[in-house]
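Presented below is the structure to which this report refers.
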Amino acid sequence: MELFLSQILNGLAIGQVYALIALGFSLVFGVANIINFAQGALFMLGAFIAYSAIAWFGLPLIPAAIVSVVIVAILGLLLERIALRPLMGAPYIAPFLSTLAISTIIDQSAEIIWSPESQPFPASISSTTFFIGNAYITVTDLVIFGFGAAATIALTLFVSYTWTGRALRATAQDPAAAAQLGIRTDVMRQIAFGLAGALGALSGILVALYFQSVFPQMGIPFGLKGFAAALLGGLARIPGAVVGGLLLGIGETLASAYVGDSYRDAIAFSLLLLMLLVRPNGLLGGGKLNALGGSGAAAGAMPTTSLLASASSQLSATRAYYLPAWGFLVVGAAFALVPLLVSSTYVLQALIYGFIFALLAVSVSLVSGAAGILSIGHAAFFGVGAYAVAVLARPYGLSADVTLLAAVVLTALVALIAAIPLLKLSGHTAALGTLAIGQIGFLVFLNWVSVTRGPMGILNIPHPVLEVLGGLRFATTGQKYWLVLGLVVIAVVIAERYVSSPIGRTWRAIREDRLAAQASGLPVRRYILLAFAISGALAGLAGGLFAYVQQVVSPESFTVETSILILTMAVLGGLGNLSGAVLTGFALAILPEFLRGFEEWRMIIYGLLLLVALRVRPQGLLGAR
Amino acid sequence: MAGEGIIVDNVSRIFGGLRAVDGASLKLARGETVAIVGPNGAGKSTLVQLISGVDKADSGTIHVDGVRTDRLPPDRIARLGVGRSFQTSRVFPALSVWDSVLVGVQPRLIATASGRLLDPVTESLGALLGLPFWRRRVAAQEAAAETALKLFGDRLWPRRDQPALGLSYANRRRLEIARLLAAEPRYLLLDEPSAGMNPTETEELTQLILDLRRSHPHMGILVIEHKLSLVRRIADRVVVLNQGKVLIEDTPDHALDHPEVVEAYLGRPRAGSNFQDAHHG
């Protein structure tokens, strides 16, 4: 019982921090109608700038925190200016993808500046412990809770009683009407982003104090938790964000105390998915989400918004270029000749990865482009396929026909189940749901040691043997090249047949207007689940082949970075356009081979490519379909 | 409550404290055209939302050809043969005109003889391999789509490869109706089909509905309409809604000239005999 109460007090402290991150999301969402994916990156920067101010320049904690908050607030302003303002009137998904690109660039830059390792935070608050009855609480917890609560109250007062606060709220309610009344809505957007930056930095510093460490990858998990808290509370409300943050904090602290600390995040993200499943509008209601094409849109409350349509509608007017299904057979046949001409294992190996990522990009393009659910979690499906093959081939010694088939079927099933919480969602909310799925996948690979062997991974996966072809063994790189190429071509042809069939047309109709599709008599849920199952099957095959090629499977191949990379490929190729996905997936996968010595710049280059593409060619290289 | 037709019985829908639909009852038989009129906020559109399952009634029952539908999802109701248009016409912006209409026929493409849906595996195999049974279905689907588009003369058919987004306002409304008709519904619910149309376009629409009545003698049509001159020409019966309640249900001439109707619309007794459209546009 003492433990229980202490955990609740402890949870309140960290929950207050989640509430602050959530407020950053809520402010920006309310005013600019955007889910700012980079909120987590701003949070991480807040922690690191404070770290540097203390560790490098010897500032005491308070001045360091002030410096950090000011700098990150300015970065928030810049973010709006650089990544979002040029996209006014762009397709619905462009601003979200733009913040995702910025987030990738910031995260990777942080790894270059501060190294990818976790570092101890050089300041701490007294660890004196108080007892309230039998429950204990540390001074750190109290200070964090106090600061968080003070910031929340200050923000509430600001938004409620100042002229600027009122103008912010007016802009949130109706930007056009606010502009008519002489409010500079663009300035309001900037203020919202600046405040979100300041809140992000403050929460980053508090988290650094709480866990006594900082690491460049902290942005995404904490950003996602902040988003979960915001969603729990109804997304666009200050009290909602606070309640959501506190509940999430208590929930995960209890979970880590009773289930195990390694499951802390997995439980937080599962809570998010559960929430999306049962109360997509948040615990405290909040109809605003509906109006923004968010969760309730699918339920029919308001028009759904086509992911690809835009105010200026130029996107849909552009042509899409794509190969018919048999075209992939021709391209595949041409590539089949390569091992006869090139003997370099190095080149063949690079091409093999190109094929695998082409297939992954197709998998995302199918579900994100055709069916309209942006996926930032496909690395999980990729991983399920890889682990299925690794486990069945290594400890059980099964042949490749069985293992690959199992990988395909199992991943299709996992994707199908994972899609269930997403059925009621659309747009940005669904995308964050997929991010949660991706994170859960990664945490399972990392922590389910008895099956996945945890961080060690599964080593020495045997060469594939196909029993159907009379025990044909693929041992050399050249042989594996043909195996991978053959299976990838077959899978892409099937995917293209789907997308070009009446099923593909139905997916696009659902993407364009879910309610109208349903009112036309189409079983919408069934078609979305089918899209996920097929996409999962493709990703599972890619994972299985990856396992055979690498001969090692470990969690670091299936991080959120991989998910973002695959999504970037699909977007750059033109969402829903499988030919485009094949082209960009292949090209971006072999690109690092030309960047030897600059590996750490890889994600930055992808992020920049995405950022530039969204401005100059949002429909993708070959045009969205 | 068995029997043919759409039967709405004592249905209510409450938003917060507002009774948008308040114990309304209504019947639509096959082969008849019924118009719902009433001032703004009378609950006309809400009623269509409830019949089509897009919104759910708080109390009361709705039956379609003997099947209770007030708890069914919209796609099930649509597959029972109820096609509806939206007040703000909803087309699939990025889809071509041709694809949009094919989407309307998709539920029939995947229906089995017993009225259920093909399982996804059969559907996938049919689509992927182009099996004969599937090709026959696709041919029938395309024929239905072509017929539906050609109902609108040269308005839609020559534009079939354009994205729906690029169509004029009136053509989008036509496309939505074409999509509904391609599915060969037993009941057609039109929510203000003439909204935003100019007099020529309204006349064309009137002719279209009159033609539909002739060409589809067994289809029941429910129209929400503000243009009373149009209502007088197409409707067999008129249901007047006011504040969520059915005020009057009668022939167009009786219903529209009824003093209470005139008062509900104009707020004062009828002055002259030239009472025409309550709203223009």
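Any Cβ shown, glycine's included, is placed from N, Cα and C.
Remember, TrEMBL labels are computer predictions, not curated facts.
Taken straight from TrEMBL:
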{"type": "TRANSMEM", "residues": "A:12-35", "note": "transmembrane segment"}
{"type": "TRANSMEM", "residues": "A:65-84", "note": "transmembrane segment"}
{"type": "TRANSMEM", "residues": "A:135-159", "note": "transmembrane segment"}
{"type": "TRANSMEM", "residues": "A:227-250", "note": "transmembrane segment"}
{"type": "TRANSMEM", "residues": "A:321-342", "note": "transmembrane segment"}
{"type": "TRANSMEM", "residues": "A:348-367", "note": "transmembrane segment"}
{"type": "TRANSMEM", "residues": "A:379-396", "note": "transmembrane segment"}
{"type": "TRANSMEM", "residues": "A:402-423", "note": "transmembrane segment"}
{"type": "TRANSMEM", "residues": "A:430-449", "note": "transmembrane segment"}
{"type": "TRANSMEM", "residues": "A:481-499", "note": "transmembrane segment"}
{"type": "TRANSMEM", "residues": "A:527-549", "note": "transmembrane segment"}
{"type": "TRANSMEM", "residues": "A:564-591", "note": "transmembrane segment"}
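Among the listed stretches A:321-342, A:379-396, A:430-449, A:481-499, A:564-591, the one sharing the most Cβ pairs under 8 Å with the transmembrane segment (A:227-250) is A:430-449. For the transmembrane segment (A:430-449), the partner stretch with the most Cβ pairs below 8 Å, chosen from A:379-396, A:402-423, A:481-499, A:564-591, is A:379-396.
Remote same-chain partners of the transmembrane segment (A:564-591), defined as residues 6 or more beyond its termini with a Cβ less than 8 Å from a stretch Cβ, comprise 97, 100-101, 104, 307-308, 320-323, 327-328, 350-351, 353-366, 368-370, 374-376, 378-379, 382, 492, 495-496, 499, 508, 511, 602-603, 605-607, 609-610, 613-614, 619-625. Tertiary neighbourhood of the transmembrane segment (A:481-499): same-chain residues 323-326, 328-329, 331-332, 335-336, 338-339, 348, 351-352, 355-356, 358-359, 362-363, 366, 370, 400, 404, 464, 466, 474, 507, 534, 537-538, 541-542, 545, 548-549, 576, 578-579, 582, 625, selected by CB-CB distance under 8 Å and a gap of 6+ residues from either end.
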